[in-house]
Amino acid sequence: MIHNDTVADAKANPDLEQPYHELGLKDDEYARIKELLGRRPTDAELAMYSVMWSEHCSYKSSKTHLRYFGETTTEEMKSKMLAGIGENAGVIDIGDGHAVTFKVESHNHPSYVEPYQGAATGVGGIVRDIMAMGARPVAVMDQLRFGPADLPDTQRVLPGVVAGVGGYGNSLGLPNIGGETVFDATYAGNPLVNALCVGTLKTEDLKLAFASGKGNRVILFGSRTGLDGIGGVSVLASDTFEEGAERKLPAVQVGDPFAEKVLIECCLDLYRANVVVGIQDLGGAGLSCATAELASAGDGGMHINLDNVHLRAEGMTAAEILSSESQERMCAVVEPENVDAFMEICRKWDVLASDIGCVTDGEHLVIEHCGEIVVDASAHTMAEEGPVYERPYERPAEQDELNEPRGVELPETSQEVRQQILDLAASPALCSREFITEQYDRYVRGNTVAAKDADAGVLRIDEETGRGIAVSTDASGRYARLDPRTGAQLALAEAYRNVSVTGATPVAVSNCLNFGSPEDPGVMWQFREAVHGLADGCKEMGIPVTGGNVSFYNQTGDTAILPTPVIAVLGTIDDCARRIPQQLPKQAGAEAGADESQEQYHLVLVGAETREELGGSIWQQVVHDELAGLPPQVDLSVEQRLGAFITDQRDKIVAAHDLSEGGLSQAVVELAIQSGRGMAVNPMLSQHESAVAQGRTLAQQAAVGLFSETASRVLLAVRSEDYGDLMRDLAETGLTGGWIGLTGVSDAAGQPVIRFGSGVYPVLPFGGEIELDPAKQHDDDFDIVISLDEAETAWKSTLPALFSHAAGNNSVI
């Protein structure tokens with residue numbers, strides 16, 4: 001027999017000791033709950049308040065800083081925003097009746113405990129957020145962070161996470177169109193699994209999360225409610241992983257992607273039938289969150305009967321039903337006259353649905369179970385009146401030492417530079433992610449235009465017009481550790497640039513802010529700086545933050561992760577047929593591996609002048625195993641002008657690739673390998689005077705040109721006949737740019753090679769032929785040659801060697 005702690009019991013036994021500490025509540029928070037209720041809470045009320053007031057649900061440590069996004073968002077920035085911060089996901093009007101919704105969410109802590117299910121349900125949760133906006137989910141992306149690649153625990157976690165992301169997304173029929181995978185010691189024991197979903201809808205189909213209209217019915221539909229995931233996200237995300245703590249953690253949710261696939265189609269049918277007043281997905285905090293948020297956002301209260309909830313387990317108490325985080329569930333508000341039609345559509349899709357209550361007068365959420373009242377509280381106090389902490393923040397004492405300029409030991413010889421190019425390409429930081437991305441279906445549904453080896457994923461959303469979107473997610477914890485404000489703006493700049501190089505126009509931003517414990521003043525300083533940097537950057541660029549997520553307590557014991565603000569940028573493109581590819585085109589009839597039979601192109605570096613900016617760089621990490629100095633400067637006005645120039649010139653640009661981690665060296669290596677073409681590049685050209693210091697050897701100067709990570713730079717491939725016009729147009733923008741190399745370079749045997757040399761100059765004036773000037777070649781020049789085969793082997797071999805035999809999918813419990 002089920003025994004619930006009822007409201008009557010709470011009044012009759014006011015001094016009953018309750019385990020509020022175990023549920024993550026502090027003494028003052030528990031006292032505040034009793035003050036709001038005028039009595040002690042019931043077990044069910046205590047469960048609801050504990051999850052709704054958790055860090056994950058209430059944003060109690062971050063809310064005071066997140067308000068800055070609203071303060072810096074202008075009316076012009078809001079003009080195309082149909083839904084923003086506070087909704088399940090942001091929605092942007094992109095014209096012609098089309099809208100796009102997108103959001104990034106974290107599922108970090110569950111993915112360490114149970115990598116496969118943690119990652120899978122992270123994808124499922126963000127997909128349901130998109131569904132709840134009235135949209136069809138059309139693509140996913142993932143931002144992953146792990147400990148060192150050769151660490152045994154990484155070899156347990158990574159395969160499970162990748163299998164979970166791929167298994168769930170592939171089963172849903174959603175293409176995975178991009179992301180990032182990063183390795184760093186601070187993520188050992190606390191991986192980051194951030195998932196993005198993007199959806200499309202007609203503007204008139206937008207749905208919001210609110211319960212409105214007295215007498216309207218509340219319908220729970222989808223999978224049954226079970227014991228899996230009780231307290232999962234909401235409690236896990238409010239604690240740190242100390243040694244041995246994983247044994248105490250509650251179960252991670254278990255996902256069923258095929259149930260979610262049916263749920264997607266069911267929801268879309270319900271929207272088409274116009275039988276939904278408001279809708280909310282059940283994610284973190286389960287039915288507690290869905291009912292409290294729906295009621296709080298609406299114009300009334302709510303009466304719920306838990307006896308009508310379809311259960312997977314017998315004997316579940318009210319607190320367990322309300323706290324369950326079982327997946328693939330939604331909660332809708334429906335007018336009484338539409339209930340039959342709603343249920344009929346659910347039966348059509350074989351989706352369980354039950355009428356669990358109604359919208360009432362007032363603001364109270366009343367919940368009954370087994371004929372007894374177990375919850376009687378203001379929904380607003382649960383959803384909106386949680387504690388808001390003004391956590392102390394302070395610049396860490398070690399920050400000055402961390403930022404001190406360090407003398408960099410540059411390579412002395414050409415051979416050292418050559419080896420470092422290969423070392424960077426082969427490093428876990430920069431090597432090919434093909435081992436991971438090949439486990440994802442990138443082209444399901446047939447609308448993926450770019451995903452493999454692309455700076456941004458490009459998706460067609462209208463087959464008649466070719467209209468499309470481009471999405472990129474970026475972050476650099478290394479930059480943010482050195483300067484969180486600049487680090488956040490560099491992530492924004494790179495995501496913006498990645499979208500721009502496809503020929504798309506950036507229009508909106510989402511974010512997922514991953515940090516250590518908010519109880520550490522140094523972490524809160526990092527967080528505040530990153531938020532202000534991102535908000536100020538978005539205001540300067542005129543693109544709004546439409547929503548996001550905060551994940552705190554990402555640390556193992558006292559060791560916090562690198563501050564990791566993940567930034568997603570959404571762009572629109574009027575015709576996907578005109579998008580700019582990242583690879584050179586394959587020429588019909590050209591022989592594989594023979595560059596002489598391929599059309600040649602000029603390589604042009606445009607944007608900012610290359611400066612000596614090696615602080616926080618991948619070169620510093622791989623060659624010197626160090627994190628020190630200052631990150632690159634960022635000028636967002638240059639980024640905007642660069643993006644506008646590329647979009648304007650897209651018909652003259654054959655291929656474009658942004659320069660970011662690894663600098664010019666990695667950009668050329670990737671472009672050459674992905675295009676299957678040889679290339680010759682002069683790293684001395686287009687450098688700022690700071691990068692060509694007096695007294696340095698040619699090898700040292702070349703190293704700065706190759707490995708510096710100066711922001712706002714893009715490598716373009718241009719036909720000879722378009723070069724002059726493009727350069728004249730570039731001069732009018734005030735941007736720096738110039739010839740830096742050419743494609744179609746091979747060795748004496750005709751095999752493609754990558755050549756970096758100070759003697760690489762074109763024959764002038766530019767004519768129909770693209771060739772190097774032999775008069776510029778000297779014996780004492782800096783000159784190195786790497787065969788394309790050698791570069792490709794270095795770039796592609798690392799992850800398979802590390803992970804192809806890893807066990808994966810293992811739980812620590």
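From the backbone N, Cα and C atoms, a Cβ is placed for every residue, glycine too.
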Could you look at Gln253, Gln399, Gln621 and say which one Swiss-Prot places alongside Ser106, His107, Asn108, His109, Arg128, Glu325, Ser326, Gln327, Ser551 in the substrate site? Gln253
One of the recorded positions His56, Arg128, Asp129, Glu325, Gln327 has its Cα closest to the Cα of Lys103 (ATP binding site), namely Asp129
Nearest to His107 (active site, proton acceptor) in three-dimensional space, by Cα, is which of the recorded positions His56, Tyr59, Arg128, Asp281, Glu325? His56
Using a Cβ-Cβ cut-off under 8 angstroms and a sequence gap of six or more, which residues of the chain neighbour Arg128 (substrate binding site)? Glu260, Leu263, Asp281, Leu282, Gly283, Glu328, Met330
By CA distance, which of the recorded positions (His56, Asp129, Asn511, Gly548, Asn549) lies nearest to Ser106 (substrate binding site)? Asn549
If I restrict to non-local contacts, at least six residues apart, and a C-beta distance under 8 angstroms, what lies near Tyr59 (ATP binding site) in its own chain? Leu66, Val550
Longest inter-residue Cα distance for the ATP binders Tyr59, Lys103, Asn511, Gly548, rounded to the nearest angstrom, is 17
Using Cα coordinates, what distance in whole Å links Glu325 (substrate binding site) and His56 (active site)? 14
Cα-Cα, Asn511 (ATP binding site) versus Asn549 (Mg(2+) 1 binding site), nearest Å, comes out at 6
